[in-house]
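K.L.:
Following this message is one structure expressed as structure tokens.
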Amino acid sequence: MSENTITFVTGNANKLKEVIAILSTSESQDGMSKVGKYSITNKSLDLDEIQGTIEEVTINKAKAAANILKGPVLVEDTCLGFEAFNNLPGPYIKWFVKSIGLSGLVDMLYKFENKGANAICTFGYCEGPNAEVKLFQGVTKGNIVDSRGPTDFGWDSVFEPEGFDQTYAEMDKKNKNTISHRFRALDKLRDFLTNQ
């Protein structure tokens, strides 16, 4: 792996497409997406996820991936926090969706007037084993609503960003990719990488 190649560690095809669409500034001759002087490639790794804050989880994943791949890596952790629950389920949202489904998520807030939620995306960039992990975080405020739109991308169909009348799932991908929590985090990462 070239030192100018960053491996984005994910097995989620939808997430990979979205990250490439947002992050890429060009395409290299070999068809790889580029941001600044870096080419972006992908690898699926089964990394242990510790319990902790989104920052702790992201740092741990980035260090583990860098140790396995012996080079620059990018990892991501996303959380969805309900204001009524003091920002839980937070980084455990994937397990909540898997256990109780999207309707279960909505039902959790049934008795609460406050349906507010924070979608938080944190990317961790690590240049290699023993290197410091740099974090890039984006937040989008919104509300939890009954599921609308396709249900093939996490909790997108139950999250309606503030100021919009559509859920992430109902939005055109191009529009979503200019306002999402992932976009806000990747915008910071792109600035960092293009200035290296």
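Every residue gets a Cβ built from N, Cα and C, even glycine.
Pulled the feature table from Swiss-Prot, pasting it below:
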{"type": "BINDING", "residues": "10-15, LYS61, 77-78, LYS94, 153-156, LYS176, 181-182", "note": "ITP binding site"}
{"type": "BINDING", "residues": "GLU49", "note": "Mg(2+) binding site"}
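Would you situate these features in the structure and describe their surroundings?
P.N.:
Same-chain residues at least 6 positions away in sequence with a Cβ under 8 Å from that of TRP155 (ITP binding site) are, in sequence order, LEU80, ILE93, VAL97, LEU102, LEU105.
Within 10 Å of the Cβ of GLU49 (Mg(2+) binding site) there are 15 other Cβ atoms, across all protein chains. Taken residue by residue with DSSP, GLU49 (Mg(2+) binding site) is part of neither helix nor strand, so it is coil.
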K.L.:
Using Cα coordinates, what distance in whole Å links GLU49 (Mg(2+) binding site) and THR10 (ITP binding site)?
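P.N.:
With distance taken Cα to Cα, THR10 (ITP binding site) is 13 Å from GLU49 (Mg(2+) binding site).
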